[in-house]
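Novice: I'd like to ask you about the structure that follows.
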Amino acid sequence: MAEDKSKRDSIEMSMKGCQTNNGFVHNEDILEQTPDPGSSTDNLKHSTRGILGSQEPDFKGVQPYAGMPKEVLFQFSGQARYRIPREILFWLTVASVLVLIAATIAIIALSPKCLDWWQEGPMYQIYPRSFKDSNKDGNGDLKGIQDKLDYITALNIKTVWITSFYKSSLKDFRYGVEDFREVDPIFGTMEDFENLVAAIHDKGLKLIIDFIPNHTSDKHIWFQLSRTRTGKYTDYYIWHDCTHENGKTIPPNNWLSVYGNSSWHFDEVRNQCYFHQFMKEQPDLNFRNPDVQEEIKEILRFWLTKGVDGFSLDAVKFLLEAKHLRDEIQVNKTQIPDTVTQYSELYHDFTTTQVGMHDIVRSFRQTMDQYSTEPGRYRFMGTEAYAESIDRTVMYYGLPFIQEADFPFNNYLSMLDTVSGNSVYEVITSWMENMPEGKWPNWMIGGPDSSRLTSRLGNQYVNVMNMLLFTLPGTPITYYGEEIGMGNIVAANLNESYDINTLRSKSPMQWDNSSNAGFSEASNTWLPTNSDYHTVNVDVQKTQPRSALKLYQDLSLLHANELLLNRGWFCHLRNDSHYVVYTRELDGIDRIFIVVLNFGESTLLNLHNMISGLPAKMRIRLSTNSADKGSKVDTSGIFLDKGEGLIFEHNTKNLLHRQTAFRDRCFVSNRACYSSVLNILYTSC
């Protein structure tokens, strides 16, 4: 009976097209039963005969494997040997994801803000008329700058800063702007500017440009409309009635121009006097007029749309004047008022840094913020307020919750006419002590409005000043030519007659020893080149291992690669009339840099007595004398030549900023600690 039943089942399955589930198992225990050896062969034959039904198999009706039924799948998956590993893997995955999320949140919360592009490396300031002439007309231009971008990148520069190139009159070195939206033909075309922006960005660099909001040229269309009282332009400038006595114009008050004499000039067209803080060809805009403020913001938007990465706002302390017309107070009160003609003879309490001026500057910052939303496209804003006291200058950083300038340009080192360890220390500490907490410092040793370093202090101080520049905390800023030690030009007959002192610092860049120092192929250049260009030029110094250019490149590279320099603490050790000594250090890095700079005559320094735990000998990481690089010197008797600088590297865990004795002598902008295990910075030190 059993055999007949088996046959019937097999026949039925064949008739159904062999839709069998060969993976089906009634009971797991059946698989573990040992078959009867005696019946194995018979059962196999019977089964084969029952299923196939003939000698030759017929697969025509066979369908694909249908899979395990749901009920069976649940039965298997519910068994302990499958369920437990599955649950373990699931909860391990959940735990891993939660750990990763928590770690990510912790890293973000504890990590300091990454340095922005304007903090990461040096800025290079270019006076475009003197950098490189591309069209043989004797004037530097925008194409010339583009041609020299490879040189700039070789210096490890991160930001190119170009001074005024707007369409302007020749007065005051192109700072009397006729059209803020046009490139002066001397420098090229708007297409040249756009190509320059693209080339700078292709090199991974950023571009900031000068912008002078305080005044325009008297040839500007706004002024022409204002002097004829045309519509809204009537009050775009500062106009007041003047009186006339014996054919002489009597101004409204005793306010003086920066260049001397009255800051009021009578205009015959309007029959009134207009106010000018600078030259009479540069009338001051009326920033108490909201339309003027909006016009300036529109100009900022125009250049931001062109792709510039930021602005240097010049002469911002002059934006507002007092509403009243009271006389400013004389420095020498016994001086006869009619003889007061020089700017330095008055206290300028009514014509500079007026209430509301910082609000205007903040509004410029807000305009730039509208273009700073894309990652990596933050728009920088710096301010120039020349000859301000440090406590007033740092006010341009803004308030804790109201941002203003990213930093006001710090030109106080470039104002030193004599140098010593004491004077350098005073400039450094004055800035760091007055700078608001959490703000970023910057340093300049030269600029277009000051005498060049070599001529001001002496050629022997070029290298040590550049070493100072790159080892101080913050952004180093270099005026073109300072990297090779260019000096002022000495010429009896200059092409243009303005302030001779500042004109001499704008001489053509010295590229090589060919005609015109490689600056131009023209027969005449707008200013003569310095007579020392045969020996002081880029090509010569490229091949000299001990040149100023080679040291500059080494310093720039060290600054870029060392967290101690670009993120670390600055701790002052000692200074006197000769030298200044300080350290750069960072929590988590068990070594420090000890910087020793001599600004006086030759001297002997005992460094071992300044810092406890110093070894008898210490290795020089970098020196103004390249022959000393890598050597070890006796720390108890370090001989320093005039203008010599040394950077020592010392392995220690005893950092100075943690010590009570140095607590008031250490500064840091944004506190950070380094984890060598994770290779990250964090703030919870």
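One-based numbering along the chain as shown.
Heads up, the Cβ atoms here are built off N, Cα and C, so glycines get one too.
Note that the structure is a prediction, hence the values are computed from the model and not measured.
Feature list, courtesy of Swiss-Prot:
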BINDING   Asn214, Asp284, Phe318, Leu319, Glu321  Ca(2+) binding site
DISULFID  Cys242-Cys273  disulfide bond
DISULFID  Cys571-Cys666  disulfide bond
DISULFID  Cys673-Cys685  disulfide bond
MOD_RES   Ser10  phosphoserine
TOPO_DOM  109-685  topological domain 'Extracellular'
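So where do these features actually land, and what's packed around them?
Specialist: For Asn214 (Ca(2+) binding site), the Cβ neighbour count at a 10 Å cut-off comes to 22, with all displayed protein chains included.
When secondary structure is read from DSSP and collapsed to three states, Cys273 (disulfide bond) falls in the strand class. A 10 Å cutoff on Cβ-Cβ distances gives Cys273 (disulfide bond) a total of 22 other Cβ atoms nearby, all chains included.
DSSP gives Cys666 (disulfide bond) a strand state. A 10 Å cutoff on Cβ-Cβ distances gives Cys666 (disulfide bond) a total of 19 other Cβ atoms nearby, all chains included.
Residue environment of Cys673 (disulfide bond) contains 17 other Cβ atoms, counted within 10 Å of its Cβ in all protein chains. Look at Cys673 (disulfide bond): DSSP puts it in a strand.
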Novice: I need the neighbours of the Ca(2+) site defined by Asn214, Asp284, Phe318, Leu319, Glu321. Which other residues of that chain put their C-beta within 8 angstroms of the C-beta centroid, in sequence order?
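Specialist: Result: His215, Gln277, Leu285, Phe287, Ala315, Leu320, Thr351.
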Novice: Suppose we draw a 10 Å sphere around the Cβ of Phe318 (Ca(2+) binding site). How many other Cβ atoms does it contain, all chains included?
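Specialist: Excluding its own Cβ, the number within 10 Å is 24.
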Novice: I'd like the Cβ neighbour count for Glu321 (Ca(2+) binding site), meaning other Cβ atoms within 10 Å of its Cβ, all protein chains included.
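Specialist: Total other Cβ atoms inside 10 Å, all chains included: 22.
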Novice: Non-local Cβ contacts of Cys571 (disulfide bond) (under 8 Å, 6 or more apart, same chain)?
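Specialist: In sequence order, the residues whose Cβ lies under 8 Å from that of Cys571 (disulfide bond) (at least 6 apart) are Tyr582, Thr583, Arg584, Glu585, Leu656, His657, Phe662, Arg665, Cys666, Phe667.
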Novice: Within its own chain, what residues at least 6 apart in sequence put their Cβ under 8 Å from the Cβ of Leu319 (Ca(2+) binding site), listed in sequence order?
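Specialist: In sequence order, Pro213, Asn214, Phe287, Gln354, Met357, Ile360, Val361 meet the Cβ cut-off.
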Novice: Can you tell me the CA-to-CA distance separating Cys242 (disulfide bond) and Cys673 (disulfide bond), as a whole number of Å?
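Specialist: About 63 Å separates the two Cα atoms.
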Novice: Spatially, which candidate from the recorded positions Cys273, Asp284, Phe318, Glu321 is nearest to Cys673 (disulfide bond), comparing Cα atoms?
Specialist: Phe318
Novice: Rank aside, I only need the closest one: which of the binding-site residues Asp284, Phe318, Glu321 has its C-alpha nearest to that of Cys273 (disulfide bond)?
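Specialist: Considering only the listed binding-site residues, the nearest one is Asp284.
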Novice: Mind giving me a neighbour count for Cys242 (disulfide bond)? Other Cβ atoms within 10 Å of its Cβ, every protein chain shown.
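Specialist: Other Cβ atoms within 10 Å of Cys242 (disulfide bond): 18.
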